Amino acid sequence: MPTPMAIFYESFEEDWVGRWHPSNKEGYQGFWKRAKIEGHENYGLLVSEKARKYGIATILPEAVEFKDKPVILQYELRLQNGIECGGSYLKFLRAQKDGWTPDQLDNTAPYSIMFGPDKCGATNKVHFIFQHKNPKTGSYREHHLKFPPSPPNDKLSHVFTAFVYPNNTVSIFIDEIEKKTADLLSESFDPPVLPPKTIPDPEDKKPEDWDERVKIPDPEAVKPEDWDENAPYEIEDLDATKPVGWLDDEPEEIDDPDAIKPEDWDDDEDGEWEPPKVRNPKCEDGLGCGQWMRPKKKNPAYKGKWYAPMIDNPAYKGVWKARQIPNPEYFHMEKLNLEPVVALGIEIWTMQDGILFDNILITNDEKIASIYREQWKAKYDIEKEQQKKEEAEKAARENAFVRMQNKLFKFLYDMAELPSLAPQREMLLVCVYAYYALLMCFLGYVPQMLIRLCERLIAGTDRNNRRKSSCCFVSDWNYCGGCFVFCV
């Protein structure tokens, strides 16, 4: 909606139906909503559904010319649910084909400038792209700002401003802070607007006898007669002898003599129980077990595959390049002639909902843009204070959790120190420390820990049915990305 001070301004405080027109093109199923901004009384335009293509556009009350005055493009954006993959930029549309209406917006609609954040995968940038018409050919081409700034990564309101000046300069500001300034006619854009004066002749072909090799194998070199390419890199050390005391008939691993078949083992369901293997203690005390084999050593006769030495190529001509010819598309200009903007569109694809657009402004007056940014600042300060409050409350909850952990650990530690539990003290302490580490990862294991500790205490005091207890480690990457330790 226009104001006396701006070419175009939209606050979405009033219902946008009739001014803005959602795209009715195939695939654009995202539903736009006028919604209150979280924590505020004012409204914005909301992306309400996940994993959708969105399109909406409005015709400007007058065309925006890029001539002798600066053009300021500005809007507020809040990613209320954050964003992992999706765009949140605006398209400032140039004249469309005859008969075009805003509800026909799609990704083919030509624009003068595309401006705003885009994030997905490795892409995380604030785009500034403009389409420019080559005066020689009449064709349009996109020119992307190189090394654009990154958008803030939070759920607060932010204001994005692009100043397009008559001297071919663009300045990108985020939250009133300058992030990038570039010359629109310079190498800061890919590709540059001004084409090269000459180009490689597409008809020029490299001669068949053109040799680009700097070095070549010496054609006069001959492999020495004693060069054996089949000699192995390593051979057996024939001087090595089997150590005295080597136990040929002893296996390196044996059944664990202390292992006991679990009481709840069911041969029908679990199969025949086999004790775990352990290192043969005889092998550790002696020099070795099993079949003895001579060690390997480097083969002194090994030379590998023979190659002729490299020499300078006498036929070398350098790297071939096609001859240069005048570029038929070349032109020169002192001032960029951007197409006038006649409509404004939001055409995005996003995996997130909660994207909220507000206070979209187009003006020639930098003071006016500054006044609207003051409204953003007041909103931002409120959100920032709320964020600090929530972070403080979260820290308090985490501190309370840590205190609870410490109390529980002390209780379990004191249990393990009871004189009546002295026979199990070492085992209990190992398990207590292990489970204490788990508390920092998954509080739900506390009940299991207490149950297992009680079972061990009962088993340890039953002299007639006592079995050995131990602690073992079980890898389980389904929880917390680490190893769980538990008593068995």
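Any Cβ shown, glycine's included, is placed from N, Cα and C.
Pulled from TrEMBL, these are the features on record:
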COMPBIAS  200-225  compositional bias 'Basic and acidic residues'
COMPBIAS  226-238  compositional bias 'Acidic residues'
COMPBIAS  247-257  compositional bias 'Acidic residues'
COMPBIAS  264-273  compositional bias 'Acidic residues'
DISULFID  Cys85-Cys120  disulfide bond
REGION    187-282  region 'Disordered'
TRANSMEM  427-446  transmembrane segment
Can you break down the compositional bias 'Basic and acidic residues' (200-225) into helix, strand and coil residue counts using DSSP?
0 helix, 4 strand, 22 coil
DSSP helix/strand/coil residue counts for the region 'Disordered' (187-282):
6 helix, 18 strand, 72 coil
Counting every protein chain present, what is the number of Cβ atoms, excluding its own, within 10 Å of the Cβ of Cys85 (disulfide bond)?
14
Report the same-chain neighbours of Cys120 (disulfide bond): residues 6+ apart in sequence with Cβ closer than 8 Å to its Cβ, ordered by sequence.
Glu84, Cys85, Gly86, Gly87, Met351
